[in-house]
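Below is one structure; the comments refer to it alone.
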Amino acid sequence: MGTTASQLGKDLLSEYQELTFLTKQEILLAHKRFSELLSKEDRNLTSVPMEKVLSLPELKSNPFRKRICHVFSTSDMKDGSLTFEDFLDLLSAFSDSATLEIKSHYAFRIFDFDDDGTLDGGDLEKLVNCLTGETEDSRLTPEEMRQLISNILEESDIDKDGTVNLSEFQHVISRSPDFVSSFKIVL
Amino acid sequence: MEVVGEEDGDTEGKRKNGRSKKDEKKEDKEKVEKKQNKKNVETSSEHESSEEEEDEEEKEGEEKPDVLSPEELEKLKEEVDERKKLISTLRGKPWPMRKKLLTLRESHEFVEKYEGALGKGKSRKLTKWMKFQRDFENFKTACVPWEMKIKEIESHFGSSVASYFIFLRWMYGINMILFGLTFGLVMVPEALMGRPYGSMPRKTVPRADEANAMDFAVLWDFGGYAQYSVLFYGYYNSQRAIGWLKFRMPLSYFLVGVGTVAYSYMVVIRTMARNANEDGGGDNNSFNFSWKMFTSWDYLIGNPETADNKFASITTSFKEAILEEQESRKDDNIHLTRFLRVLANFLVLCCLAGSGYLIYFVVRRSQKFALEGLESHSWWERNEVNMVMSLLGMFCPMLFDVISALENYHPRIALQWQLGRIFALFLGNLYTFIIALMDEINLKREEEEVLKLNMTIWEASLYNGTLGANSTAPPITVHPADIPRGPCWETMVGQEFVRLIVSDTMTTYITLLIGDFLRAVLVRFLNYCWCWDLEAGFPSYSEFDVSGNVLGLIFNQGMIWMGAFYAPCLPALNVLRLHVSMYLQCWAVMCCNVPQERVFKASGSNNFYMAMLLVILFLSTLPAIYTIVTIPPSFDCGPFSGKSRMFDVIQETLESDFPAWFGKVFSYASNPGLVLPFLLLMVLAIYYLQSTSKSYKQANLELKKKLQTVSHTVIMSSYLSSPPGGEHRAHQGKSDHQIPPSATSPPAPRGHRMPGPLPGNQRQPAPSVQRVPNSQRH
């Protein structure tokens, strides 16, 4: 379990360094920011509720912030709360040096809104709505939405089953030159 | 750009360590069966199976180490090795931290326990070494400058604007290295160990100019004391070895000149290769819509205003793409469009020709002024060349922008055309400048010939009247400032480049201050008392022009490469300029600019800019090489004075500093009979490599098609059979076509409901089950 004490143990720090793509300074900074999120709450709590995590400036403007919390959360109550270790996992997957495989794996899970292991039409529709913003006039018409989703499936769905599974997703993503540089969150 | 390489090095280092230990053990034991090893790795990536094996091993290991038979020892060794491999790849596994920690601790325990049985002590040294490596990586990341600034810009403007600053920082690094070379190996030795100022004619300000040698105006123009110093070529003495170190000054000057170019080539090509790897080449399938969907959001954005902009631009790009897809067959009025495009290109060509002629004209005029004496002209006339070049560089791109409205291209294509035209403009201007410079060089060389003749007359006039015939006289000492000296064309070239760069820098900064800052101030404060909304309407705040700035940076660097041989101070000047630029532009961007409305991830632009840099590098070194190889150096200034060609210094060094056989070997190697076959061999090698890579691409495409047909047949066969049995048949069909799971796809995470994709099994029938009524799903 992550520690809420004011100092990270040295052994633990070196283990985290070995298990994530973060450098020592980044882990210590993450610990500091995480402790700040906890500071107003009960000292004995080890996990931060989702609302507090979403108040981080790096996540506040992100349309996928709730999905990110759900994906990285290991709490049994499925409420999206993060422990310090979950937080480190998050930062490691979004760090500059993470591999394409890790990033595409987590991207797939984030986009999979109904958690069924594939991206079907419903997932894609929710994805588009997230990307086009909250206001009414920036959304796509149902016609455009249908056209868009059929175009996407035509491009990425290799086995033509109407959904995009993990390997098809990774195939598409690995060809994209922008993905690695935009899928980054830095504290 | 840098951190990725570091982390890879870290894991690679660990892997290398694992391998070296293996080699060690090879010496002790029999050979390891690698096939078993691989299988073990794949199975042990599952948590339970590794636990099972551990139990097995524990049972075995309970017998004390010296009782273990060789086969068991081997198996143990394999286990340990594959555990180590697991440890080094743990961070790339998409498991939650708790599971990773558990696996790590168990594996560490296991390895330590059985390491003792197999081989001693080295593990501790190696972990210390790995720890040192990791600390060094951390230190290196901490040393990278301006990290916080760039992060702030990333969060406000997204990754495309930040990419300009990352590029600037990378250029700064290169220029630091060039500065180190020129400063440490050329300027410092001459300053410390060479003859001091005033001891030779080439090192002294001429008597006629002494009066105003310290004036600021003269120094700003790089004349006076600035000209007769280590900053320029002409100051250096041609003595073969100077100081108590016997430092070979001319050789060092030549080699540093060659070395800067070689280093630059190496760095640019290495970065291009790295970028090309990341691009994941192969076929050029473009997944337009999918990429827009999955990769268009920039996770670095932390500012709500930027986020809103991004939403708007994503929506626009979706709508545009959908429209384009529908209209792609519409042909309306193609003849008019074609005519307009031809017209636009014609206009652009006229512009380019006009600007080239203007520069040529202005340079000729400035030569005329120089002949008449510079003091009789106004400031404008003295600095005409530089001002004209800078102004052209400022206004012509705007003109191109207006002309391109005729062409009616898609914005991304229009951007590429614009960049291409600006590139042609800068290149044309630079080369016209060089041609005009060549004319001046020839003029100066004619002057030199005349002066050499006059020298003898002048020397005779010194002795005039004090000698009779046939008497030897003591040499008359003349102060170096009074001796007539030749026009040093190399220093002149160096000075021209330095002046060009200084005026270019000034123009950039002034444009920045006026165009961005003043405009922002006006818009902000005049808005209160103006009829229309200045912020949303006409002037509004400016956007940061990424491509224009990157081009400017690239051309600046080209000028540095061109002039560095003749003015060793250029890299130092550039380091200073980049340093100031970084701070100034970071401030300006945060203070005066707004995020772009249409965000064009000029994707693949990384390699596009690198390719341009490479072309500029090549084109800039051509003139320098030409002058070195064809024009003889001045007879009385610089480190090569007195030689017939500058590269003779190499010959001289070979003859005097190296043993005789070395010179012989070298002369054999430079024999055309050897060089030509070697060149031929290289051409053949290039051809062979190219055809191999083409065949790989072809094979790639074939495999892809095969994949598609296989998956189609599987789906077909599962349709043809009845639904419940269909799964089994499809499973069987699966096992026949062993589509090997790619090594990079991680197993599906646990804790997901069953109908997810099974680990390692790409195409599986669960999706087809979806088409069957829900009662069939389990």
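Using the three backbone atoms N, Cα and C, a Cβ is placed for every residue, glycine included.
TrEMBL does not curate its annotations; it predicts them automatically.
Going by TrEMBL, these are the annotated features:
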COMPBIAS  B:1-10  compositional bias 'Acidic residues'
REGION    B:1-73  region 'Disordered'
COMPBIAS  B:11-48  compositional bias 'Basic and acidic residues'
COMPBIAS  B:49-60  compositional bias 'Acidic residues'
COMPBIAS  B:61-73  compositional bias 'Basic and acidic residues'
TRANSMEM  B:170-193  transmembrane segment
TRANSMEM  B:250-269  transmembrane segment
TRANSMEM  B:342-363  transmembrane segment
TRANSMEM  B:384-406  transmembrane segment
TRANSMEM  B:418-438  transmembrane segment
DOMAIN    B:488-603  domain 'TMC'
TRANSMEM  B:608-629  transmembrane segment
TRANSMEM  B:665-689  transmembrane segment
REGION    B:721-778  region 'Disordered'
COMPBIAS  B:726-737  compositional bias 'Basic and acidic residues'
COMPBIAS  B:761-778  compositional bias 'Polar residues'
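Highest Cβ pair count under 8 Å relative to the transmembrane segment (B:608-629), across stretches B:170-193, B:342-363, B:384-406, B:418-438: B:418-438.
When the domain 'TMC' (B:488-603) is classified with DSSP, helix, strand and coil residues number 82 helix, 2 strand, 32 coil.
Taken together, the residues in the domain 'TMC' (B:488-603) have a mean pLDDT of 84 on the 0 to 100 scale. Among the recorded stretches B:170-193, B:384-406, B:665-689, the one sharing the largest number of Cβ pairs closer than 8 Å with the transmembrane segment (B:418-438) is B:384-406.
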